[in-house]
């Protein structure tokens, strides 16, 4: 299973430079919506591109058939996709934190705070939502036929993330309604949201893995 995950990571070496340049460009554009948008959208975008890239490479090079002929079972192949998603997300968070921290410390942009637990929680929930829906469909229908699902999910996530980050930006600017401010200002709010978000996403991923098992185990490759 480790080799399967490592394969997905090595594939991204070709894309890493272009993605980092795109991340910098997105940081410049998204800061006009709100700095929260940067901290949430960039890790999501980073993870999303890597998931699509690894799936596209796998189908283009017939990787599934190749690994089926090796001493690797289908369950390991399925779980490796979800593990790769988690690693891609961690990489996205690390790169976002690095570049935004440099940007903040340089004073060249409007970014005036570091990434916090709320940002990571929101980004992770939507990454978990995307991967939980996309991966079973990709495994069942293949890369090309699953792209329309990916596009719909991305449109939906983009609208949700922009809406959420705008609300958070209003709170940070002091222009939000008092009831919203009071709710977000509750003691341990970030920790509570993190626990709820982590629990929800883990349940979502576990359900997705079970569905992937049922769909993929009975497929003829």
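Counting starts with 1 at the first residue shown.
Placed from the backbone N, Cα and C atoms, the Cβ positions cover glycine too.
Summarising the annotation, TrEMBL assigns transmembrane segment to 16-33 (among others).
Under the heading transmembrane segment, TrEMBL lists 39-58 (among others).
The transmembrane segment annotation in TrEMBL covers 79-102 (among others).
Look at TrEMBL and you will find 122-140 (among others) tagged as transmembrane segment. Same-chain residues lying 6 or more positions outside the transmembrane segment (122-140) and placing a CB less than 8 Å from one of its CB atoms are 39-41, 43-44, 47-48, 51, 55, 78, 81-82, 85, 89, 92-93, 146, 149-150, 153-154, 157, 160-161, 164-165, 197-198, 200-202, 204-205, 207-208, 211-212, 215-216, 219.
Sequence annotations record features per position, and here TrEMBL assigns transmembrane segment to 152-171 (among others).
Annotation source TrEMBL lists transmembrane segment at 191-216 (among others).
When Cβ-Cβ distances below 8 Å are used as the criterion, the transmembrane segment (79-102) is approached by residues 1, 4-5, 8-9, 12, 20, 23-24, 27, 35, 38-39, 42-47, 50-51, 54-55, 111, 114-115, 120, 123-124, 127, 131, 135, 139, 205, 208-209, 212 of the same chain, each at least six residues removed from its ends. Below 8 angstroms of C-beta separation, residues 74-75, 77-79, 81-82, 117-118, 120-122, 124-125, 128-129, 131-133, 135-136, 139-140 of the same chain, each at least six residues beyond the ends of the transmembrane segment (191-216), sit close to that stretch.
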